[in-house]
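Everything below concerns the one structure shown next.
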Amino acid sequence: MTWLNRDVISSLDFTRDDLMQLFYEAKEMENYAKSKLNILDGKIMATAFFEPSTRTRLSFETAMLRLGGRVLGFGSVEASSVAKGESLGDTIRMLDSYSDIIVIRHSLEGAAKYAADIATVPVINAGDGTQNHPTQAMLDAYTIWREYGRLDDLTIGILGDLRYARVVTSLVQLLSNFKVKLRLISPEILRPRRELVDFMRMRGMNYSLHSNLNEVLSELDVLYVVRIQRERFPDPVEYERVKGSFKVTPESLIGAKDTLIILHPLPRVDEVDHRLDSTRYARYFRQSALGVPLRMALLKLVLKGD
């Protein structure tokens, strides 16, 4: 399927071929991530961020500006007419009339699909509900591909909140297009939702569930860490106990492969020790930086085509 005028709502909407085309385009865009092109001159991107965002919003805006386009929109509900009671539908209709593409983040699951059903321009989901963040998953997979030159035949560990972190669902769905082994590590209370486990089983994915990083550390090529969210725990004492056991430190990586890379969608709190920032394992800052060329490629493909 062509990328031109395509909505980007869910990781499930994209094939392996789609993703590889995006990755090669993003690799080319790395050459221009600090310069300006005129590919999207005259195009306007509207950002509708009903939830706070730093990296996702700014990388989309930077990508559009680097491509020669312009940006309008808002970064919080308070900065929009939603604060006055305007409906999501009316907001989308207004942005649709002003722009060539809409990038939306919302707390409600299905908000991006709802926006796409209303809008006449393409809509990109920058995160909605607790289960969808397709462009973050694209960035994560792209970072792994840039590091290893492939996604097939890698063992990827995902550590932390596997139940509520929306990027986890999107990343697993996206990785189902490749021959990977998944090792999912979390406290019992934050195990993946049944729907995600059923999806992995249906797709015939090689996966296993674990409660301790040590069980799988030596086989990992990638360790993807997501924040454990305090607000999900009814008992603060239980949170403190669990949080401490899922912190990645130099000491906890004894026995890891020399080639292991650590990724994190950011922001981090204390789940990845800052002492790791200068080690050979750390790739999370490069991962964040690659968000600009990845989203440049995405915008170019959707607005200009192959």
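From the backbone N, Cα and C atoms, a Cβ is placed for every residue, glycine too.
Sequence annotations record features per position, and here Swiss-Prot assigns carbamoyl phosphate binding site to Arg55, Thr56, Arg105, His133, Gln136, Leu266, Pro267 based on sequence analysis. The annotation L-aspartate binding site is assigned in Swiss-Prot to Lys84, Arg166, Arg227.
All protein chains included, Thr56 (carbamoyl phosphate binding site) registers 23 other Cβ atoms within 10 Å of its own Cβ. Residues Ser53, Thr54, Ala126, Gly127, Val167, Pro265 surround the recorded carbamoyl phosphate site, their Cβ atoms falling within 8 Å of the Cβ centroid of Arg55, Thr56, Arg105, His133, Gln136, Leu266, Pro267, which are themselves excluded. Arg105 (carbamoyl phosphate binding site) sits 19 Å from Arg227 (L-aspartate binding site), taking the C-alpha atoms as the reference points.
Put simply, Pro267 (carbamoyl phosphate binding site) is 8 Å from Arg227 (L-aspartate binding site) when counted between their Cα atoms. Cβ neighbours within 10 Å of Gln136 (carbamoyl phosphate binding site), excluding its own Cβ and spanning all shown chains: 25. Between the listed binding-site residues, namely Arg55, Arg105, the fewest other CB atoms within 10 angstroms of a CB are found at Arg55.
In this structure the alpha carbons, written CA, of Pro267 (carbamoyl phosphate binding site) and Arg166 (L-aspartate binding site) are 14 Å apart. Cα separation, Thr56 (carbamoyl phosphate binding site) to Arg166 (L-aspartate binding site), rounded: 14 Å. Pairwise Cα distances among Arg55, Thr56, Arg105, His133, Gln136, Leu266, Pro267, the recorded carbamoyl phosphate-binding residues, top out at 16 Å. Straight-line distance linking the Cα atoms of Gln136 (carbamoyl phosphate binding site) and Arg166 (L-aspartate binding site), rounded to a whole number, equals 10 Å.
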